[in-house]
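These notes are about the structure you will find just below.
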């Protein structure tokens, strides 16, 4: 039987960086390559009903081995890695018996406790890091490795009774499209867990309400020598728009349950400037107010510069899954119990982001999020503890056992 980190090291060799510009699903060929590889592996270890959809989703089912009426539990992870940094030619480094000090990644980069204050908690453990030139891909190939390893363990230990275990690997989560083509009905689970969290112990069932905002500003260009009273510089109107938003409610100044508006991109010249924002808030009313503020600012500026100067287009992306999870809190409570059984203290924090599970919960599949063990996702300083990965496998198995014993 393969060890969880051995699987992980195989998966990260496949470049699965997603790309929101391609407008196809999956957005990159590497995700299809990994999906086919996973489907073959699942078949080889004895999993039933393995299939890949046209959109590249991998679905499988390990059939129940007992006659009891046991809930059908799903475990889901995503195959893509973030567009933020290259996932090509990932060259992981193994750091055995970590000494709590700086780790030289190579290529002039150092992973240090001054940058990652949590590092000393991994002293004595075995870590997997990057070589400084790419991200690692623990988000979310660690989750995939943990699920497959847990499933193989069940197959090799038929004395462990379980109901139907549903497996799902999705493309394009990192560009917000992971649930777009997910076949909830065909998946057939009563509820599920994503393995897409970070530090050991993380258990999440709250996430941001999320929207995007596109702001387009139309100016008027006139020769600067005779522009007085005529020119409208769309770049300066854009600056005015941004200054009318709460200046302290931005990602770099917020934490916990605090929401924000985040200016992602600005493209402009005198006659036209475009702004791209994301809007985030945990509270439904606060989320509504943030979106309304964008329209109010547009209204004020149109009154000042002329109707049609500023146009705002808002699009909801995903909602806080808390309202869909709370009526079935046994899903969260069982995960807590499963962690405590293997000596892990659950860390229940809100997700300052989203997961496939957030959207799946509103599609009828309640899906909280479990840790994978990774740290510093999406960049060259990403790393993961093998010990944490092994504990994630234990948690999956404990969840399955708890439901089988009820």
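In case you wondered, yes, glycine gets a Cβ from its N, Cα and C as well.
Among 330, 378, the residue that Swiss-Prot places alongside 139, 174 at the Zn(2+) 2 binding site is 378. Per Swiss-Prot, Zn(2+) 1 is bound by 139, 196; the candidate from 78, 239 named for the same site is 78.
Same-chain residues with CB within 8 A of the center of the 139, 174, 378 CB atoms, the Zn(2+) 2 site residues themselves not counted, are 81, 82, 84, 135, 140, 377. Among the recorded positions listed here, namely 173, 174, 378, 173 has its C-alpha nearest to that of residue 78 (Zn(2+) 1 binding site).
Neighbours of residue 80 (active site) among the binding-site residues 139, 174, 196, 378, defined as a Cα within 10 Å of its Cα, are 139, 174. Reported as a whole number, the C-alpha separation between residue 174 (Zn(2+) 2 binding site) and residue 139 (Zn(2+) 1 binding site) equals 9 Å. Of the listed binding-site residues, namely 78, 378, the sparsest Cβ surroundings within 10 Å are found at 378. Cα proximity to residue 378 (Zn(2+) 2 binding site) (within 10 Å) is found for the following recorded positions from 139, 173, 196: 139.
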